[in-house]
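To keep things clear, I will list the structure first and then write my remarks on it.
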């Protein structure tokens with residue numbers, strides 16, 4: 001009988017200098033060695049998601065190659081879809097309607113911060129050959145790992161609910177109300193299952209399909225932009241001059257909402273997995289460095305395109321509907337014979353819009369063509385983000401739980417977890433009254449941000465995991481500050497939402513939940529600070545550090561403890577050679 005540890009060691013791939021080696025037979029990630037949750041026989045090959053790898057052309061004569069960039073193009077665009085999901089589109093249109101062009105600089109800043117965080121996620125996947133969920137599985141103890149998994153699943157469920165309901169709203173608008181919300185949800189479930197198996201026809205075809213959906217969004221929202229013809233001077237001023245003249249609490253809350261909508265926790269896990277779809281020799285430092293470079297360029301291009309699409313939406317609603325009142329919109333809808341006039345009460349309060357009302361007011365002001373094109377854009381946004389959300393669910397569940405189920409079983413489980421709450425909401429909620437639910441889901445996702453941002457900074461800062469590609473001092477400090485600011489902004493958003501509930505019972509419940517939440521975040525921060533070099537916090541491993549001089553040995557676990565032993569065997573501390581038995585103990 002083999003011990004669990006011996007079996008684990010047999011599953012681990014060869015390593016060199018802390019970089020995990022892969023072969024064509026080990027085309028994806030290494031399955032984490034910890035407990036397997038049911039599954040296939042040991043001799044059955046297990047694929048995580050992609051069953052092929054895109055080859056990278058050889059071109060040693062050029063520092064930059066368009067052919068290589070094209071080969072690496074794909075994962076960044078799939079990642080960028082999370083920046084274009086219905087939750088982001090709703091945040092954009094509300095920003096334009098409430099603040100005009102004044103918050104475009106917040107959108108730009110949030111997108112740049114998102115790019116820097118996606119860079120860390122891509123580097124982790126490229127250098128280690130494992131995505132973030134797999135690394136968390138290996139590095140955190142069982143209880144924190146399970147809690148972390150549950151928190152990330154909550155974020156995925158919240159995001160998926162917005163995406164599926166976005167599709168359902170699009171079907172409702174396109175059918176002029178004939179397809180109810182629950183019917184649109186059922187259609188989305190079915191077509192998502194169909195589209196998810198497109199990769200059977202080739203990974204590049206799947207990526208091309210996502211590119212097609214992004215193109216539909218760009219054309220749809222670009223059409224609205226050209227039709228409305230926003231003031232370009234005001235647009236550029238709002239984008240590059242950080243100011244918000246005359247802004248009140250509503251505009252400040254909207255600024256916080258923009259950051260929360262753009263930076264999504266599950267997207268960090270997704271991107272770290274998608275980059276594994278390219279054939280890279282991780283034992284070759286030059287290839288790893290080159291892959292990091294091209295992935296960063298591709299991510300920059302993808303997020304630039306997503307930023308432009310978001311700007312289209314903000315500008316349309318800023319130009320056409322900023323400071324509009326309900327009575328003005330009601331009159332215009334009456335004049336255009338719109339069947340949705342009752343959505344806007346006869347009062348002088350400011351217009352409040354969401355994805356559904358946004359399409360209606362576009363139809364009232366610019367004709368039914370504008371409404372249908374808007375609905376097509378929302379459908380493309382919802383469908384694409386629903387698919388990538390399902391991928392995120394698969395990667396997270398496979399990584400944290402080490403699932404070895406069949407492909408169909410994994411898709412069915414991850415979809416069911418997110419779909420059932422969505423279907424319940426669709427049955428019991430009216431399509432015209434979803435704003436409150438969207439606010440709650442935004443708060444839910446904001447609360448989960450630390451559970452992606454803290455681990456990604458922790459692991460990319462460890463030389464035992466990243467070797468020569470670990471974060472330098474600038475990235476450690478900059479990353480820590482960015483994550484602190486983003487989490488603080490989103491916590492403010494949560495506090496504002498909770499205080500608006502005006503219920504003592506809910507305040508008490510929120511207080512207890514906050515204590516538990518902050519304790520767990522504090523645990524993750526503690527580990528992160530040790531990884532960043534604050535070694536005095538690691539009391540339990542003080543003796544090991546005194547012997548080895550390595551601050552990050554506390555997190556070696558199964559990933560590369562053997563490699564670290566080999567690195568340290570010949571080191572001398574006070575004239576004493578550290579042998580392997582000393583380190584293992």
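Just so you know, glycine gets a Cβ as well, placed from its N, Cα and C.
Taken from TrEMBL as is:
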COMPBIAS  18-27  compositional bias 'Polar residues'
COMPBIAS  28-38  compositional bias 'Low complexity'
REGION    1-44  region 'Disordered'
TRANSMEM  104-126  transmembrane segment
TRANSMEM  179-198  transmembrane segment
TRANSMEM  210-228  transmembrane segment
TRANSMEM  255-274  transmembrane segment
TRANSMEM  295-318  transmembrane segment
TRANSMEM  355-381  transmembrane segment
TRANSMEM  412-429  transmembrane segment
TRANSMEM  449-466  transmembrane segment
TRANSMEM  473-498  transmembrane segment
TRANSMEM  504-526  transmembrane segment
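Within the same chain, residues 144, 147-148, 447, 450-451, 454-455, 458, 498, 537 sit at least 6 positions outside the transmembrane segment (504-526) and bring their C-beta atoms closer than 8 Å to a C-beta of that stretch.
In this chain, the transmembrane segment (104-126) lies close to the transmembrane segment (295-318): three or more C-beta pairs between them fall below 8 angstroms, excluding pairs fewer than 6 positions apart.
In summary, the transmembrane segment (412-429) lies against the transmembrane segment (179-198): three or more C-beta pairs, each 6 or more positions apart in sequence, are under 8 Å. Outside the transmembrane segment (355-381) by six or more residues, the chain places 81, 84-86, 88-90, 93, 163, 166-167, 169-174, 213-214, 216-217, 220-221, 223-224, 227-228, 316-317, 320-321, 329, 332-333, 336, 338, 340, 343, 431-432, 434 with a CB less than 8 A from a CB of the stretch.
Away from its own ends, the transmembrane segment (210-228) comes close to residues 77-78, 80-81, 84, 305-306, 308-309, 312-313, 315-316, 319-320, 362, 366, 370, 373-374, 376-377, 380-381, 383-384, 387-388 of its chain (Cβ-Cβ under 8 Å, at least six residues beyond either end).
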